[in-house]
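K.L.:
Below you'll find the structure I mean.
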């Protein structure tokens with residue numbers, strides 16, 4: 001029965017999924033983090049502004065490969081997990097990532113026209129002088145689909161699937177609660193990617209609630225004499241390191257007045273690409289002037 005937990009599931013153990021976690025880390029860095037970089041560094045003549053960029057093709061590949069890897073991860077869980085919730089989450093994930101593909105493609109192509117990510121849509125020099133002014137509303141709608149609707153439909157199912165998988169990562173065998181050396185090597189790149197995901201996606205609330213839910217589950221299962229297996233430890237420790245990286249990032253940019261204006265409110269977590277267009281672009285321009 002889908003969603004039912006078998007009695008013997010509690011006593012099954014699962015070895016560390018080195019292949020899946022490696023593929024996850026590799027494709028996250030190449031296809032997600034690498035897509036805007038590929039768009040910027042590859043010659044513009046290869047990918048005209050009115051055609052999909054190299055980053056868009058990276059994004060298309062990500063939208064196909066990531067759901068497949070998530071399904072394979074769920075299949076390897078030692079417990080029988082709620083399949084219907086997983087399938088609905090995968091469908092929402094693909095929809096959200098596809099919406100984001102369109103909005104992000106246009107927004108990143110605007111960089112070549114002088115768009116500055118550290119400014120709001122209406123404050124951008126290339127946007128605020130558009131005529132008629134209703135065109136600005138259209139760009140704000142595009143920004144909404146990219147940064148809000150697309151991110152929500154993309155990241156909420158992603159973290160939900162990870163948490164569902166995490167619920168099956170407990171074992172009564174203490175010896176299984178150890179990570180191999182390969183897991184320790186992958187933890188750094190994996191945590192750094194989650195830092196990028198949370199900061200660039202502006203999903204700290206979603207991330208921190210997922211992390212708190214994971215901590216609560218760990219404490220609850222500990223009372224039953226269950227401990228995390230190697231896969232659960234890898235995921236849990238990656239989230240802990242991510243939190244440390246976010247804290248360092250915020251402290252470093254705490255007194256940046258321009259980014260403070262872009263990200264007002266209690267939760268101040270600047271986007272890496274906003275930092276790039278504000279500081280790194282200026283640095284490149286200064287070097288070219290010499």
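Cβ atoms here come from the backbone N, Cα and C positions, even for glycine.
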K.L.:
Need the matching range: TrEMBL marks transmembrane segment on one of 232-254, 255-277, and I'd like to know which.
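P.N.:
Checking TrEMBL against the ranges 232-254, 255-277, the transmembrane segment one is 232-254.
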K.L.:
With the ranges 133-153, 154-174 to choose from, which does TrEMBL describe as transmembrane segment?
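P.N.:
Going through 133-153, 154-174 one by one, TrEMBL gives transmembrane segment for 154-174.
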K.L.:
Which sequence positions outside the transmembrane segment (86-103), separated from its termini by at least 6 residues, show Cβ-Cβ distances below 8 Å to it?
P.N.:
56, 59-60, 62-63, 66-67, 70-71, 74, 142-143, 145-147, 149-158, 160-161, 164
